Amino acid sequence: MNGTLRNDSRGDKVFSLVNGAIVTLFFISVLYPIVYIVSASFSDSNAVVSGKVWLWPVRPTLEGYAAVFDYKMVWTGFKNSVVYTVTGTALNVFLTVLAAYPLSRKDLYGKNVFMILFMFTTMFTGGLIPSYLLVRELGMLDTIWSMIIPGALTVWNVIIARTYFQMSIPDELLEAARLDGCNDFQFLWKVVIRLSGPILAVITLYYASANWNQYFNAMIYLKSQDHYPLQLVLRDILIQNDVDTAMLAADPQDAARREALKILLKYSLIVISIFPLLVVYPFVQKFLVKGVMIGSLKG
Amino acid sequence: MSMSVTGRKTRAARRTERRPAIKKLIHSWQLYVLMALPLLYLIIFKYVPMYGAQIAFKNFIVTKGIWGSEWVGLKHFERFVHSYDFWRILKNTLILSFYNLAASFPFPILLALGLNYLRGRVFKRAVQMVTYAPHFISIVVIVGIIRELLDPRTGIVNKLLGFIGVGPINFMGEISMFSSIYVWSDVWQHAGFNCIIFIAALAAIDPALHEAAVVDGASKLRRMWHIDLPGIMPMAIILLILSTGHVLDVGFEKVLLLQNPINLKASEIIDTFVYKVGLTSQVANYSYSTAIGLFKSVINLVLLIVVNKIAQQSKQASLW
């Protein structure tokens, strides 16, 4: 698209070289920390602490992972996060489709009023305390419901889905289905959903990653550790440095070794927590990008 | 065939327009049924809290409820504005916000332009793949990574700095470092993903413009400046408007995690203050906390409207 080699001038060659160098620099600065963390997590704990790890694992071990594996809270959190993410995302997608389809219809009477009702919530909110008091009033504190219901719908995703429906479901299809005696419920279920695979994938991924990564609601709504999602367990270990050293398989007398193992545990934990992302990501990347593209269109 | 379909459609549309309101309501009843649940959610979890925000003007007492508590007018707002913390918190919020805007706004544009002129297809895809990924890492893990890598004793950053004879620097213990740590880790995490939208805008530019420019002997740099940049300007302006409307919404979940007793002087922002006053202090003050939050929401809303007005008047892209 941008010219071919043969008519490149000298200036263009310099430009391409500088451009390539700058992009490469950014590429490396994003990639390097990730590579380092993965390498460190597989290295000997003393090598990590004394700074012998630069790029590749040094004296590779699975010590760190063994420590994570023995750490009970991590698995409780992991299990809870799976439950919250799966049920939450199912509800998210269900409600989003229910909201987005009617809003995509030209003949919805009062459509502008509904759109304003939705959009206004993205510009103004009641705030932290009124929301907290509401959840408390509803008796959801410290229950799984507080992890699922208050964040059941994201207006941004409704808008993306609506834009997609408007673009991809032609009016003629609705007219034809009507002539065959199809009502709106049947049309949504039998036609719209079947034609909307890509957008369902996009919003499912957005919701799932938001649910999986979410910690703040859990922090204010949950009290008992048994209900903690993974992110909250990670916060205790990674940020509040609250590691139960009894769970580390090191000689309790050897303080230095215990400290080193604690750091290794953190690196391994970081890798484990981004592992699902690293595995799934290459396959779903195109959907994530697609969501941005649809979102950028003015509906 | 297609003629008859469109003909029928316009006739149907004309019929719909002439119908009285009640008929239109009945016509859409199935759509209303579909929307009922999402609307119920919106009303309960978005609009009821807005109604509840009136406790900012009251002395909220739990046993009396929202409605039963007495009105105190602007007392809580005055208390906040006159409080010892006010200027410090407002300053921290604004510094962090504008610093972040200044750094994170140009980077995605530069990256998109750079990628657009990259030759190797495989390398281009690799760069995109890798730089988009951090966007999906959770805030907790990002802050965990920051803390490990910046650790004065065992972190790799200080090891690398030691290589060139600098440091060790206790990054998390330096008040002046806080905003930079926040901002540049944000650029690291999001610049890649945020450039997608500009790559799309660049792809939408008419190739004929470039071809004509090449014929006229324009260099790549000139084409970038005179064709690509104007081509993505409307998108950039919309995004700038959107972020101005959230100038006081610094990524507070991240700030909260980055806070420690040392950097608190620079890291206390409006939202973290709201959280602490309302939910973690010994004597939780719901009304005061809500008032501070409302103060912020209203300023955000006003800013959004004002900036959009300016954009409209200068005949550039606008939100509505």
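Using N, Cα and C of the backbone, Cβ positions are placed for all residues, glycine too.
For A:20-42 (among others), the entry in TrEMBL reads transmembrane segment. Proximity of distant same-chain residues to the transmembrane segment (A:20-42), defined by a Cβ-Cβ separation under 8 Å and at least 6 residues beyond the stretch ends, is recorded for 48, 53-57, 60-62, 64-65, 264, 267-268, 270-271.
Residues or ranges marked as domain 'ABC transmembrane type-1' by TrEMBL: A:78-276.
Under the heading transmembrane segment, TrEMBL lists A:82-101 (among others). Same-chain residues lying 6+ beyond the ends of the transmembrane segment (A:82-101) with a Cβ under 8 Å from its Cβ atoms: 118, 144, 147-149, 151-154, 157-159, 161-162, 165, 188, 192-193, 196, 200, 203-204, 207-208, 211-212, 229.
Taken from TrEMBL, the feature transmembrane segment applies to A:113-135 (among others). Taking Cβ pairs closer than 8 Å, the transmembrane segment (A:113-135) reaches residues 99, 102-103, 141, 146, 150, 155-156, 158-159, 220-221 in its own chain, all 6 or more past its ends.
Feature annotation from TrEMBL assigns transmembrane segment to A:147-167 (among others).
For A:187-208 (among others), the entry in TrEMBL reads transmembrane segment.
The annotation transmembrane segment is assigned in TrEMBL to A:264-284 (among others). Proximity of distant same-chain residues to the transmembrane segment (A:264-284), defined by a Cβ-Cβ separation under 8 Å and at least 6 residues beyond the stretch ends, is recorded for 37-38, 40-41, 43, 45, 48, 63-65, 67-68, 71, 74, 201, 205, 209, 212, 230, 234, 237-238, 243, 248.
Distant neighbours of the transmembrane segment (A:147-167): 84, 87-88, 91-92, 95-97, 99-101, 103-104, 118-119, 121-122, 131, 135, 140, 192, 196, 198-199, 202-203, 206-207, 210-211, 214, 217-218, 221-222, 227, 229, 291, 294-295, 297, 299; these residues of the same chain sit at least 6 beyond its ends, with a Cβ under 8 Å from one of its Cβ atoms. Remote same-chain partners of the transmembrane segment (A:187-208), defined as residues 6 or more beyond its termini with a Cβ less than 8 Å from a stretch Cβ, comprise 85, 88-89, 92-93, 96-97, 101, 154, 157, 160-161, 164-165, 168-169, 173-174, 177-178, 284, 287-288, 290-291, 294.
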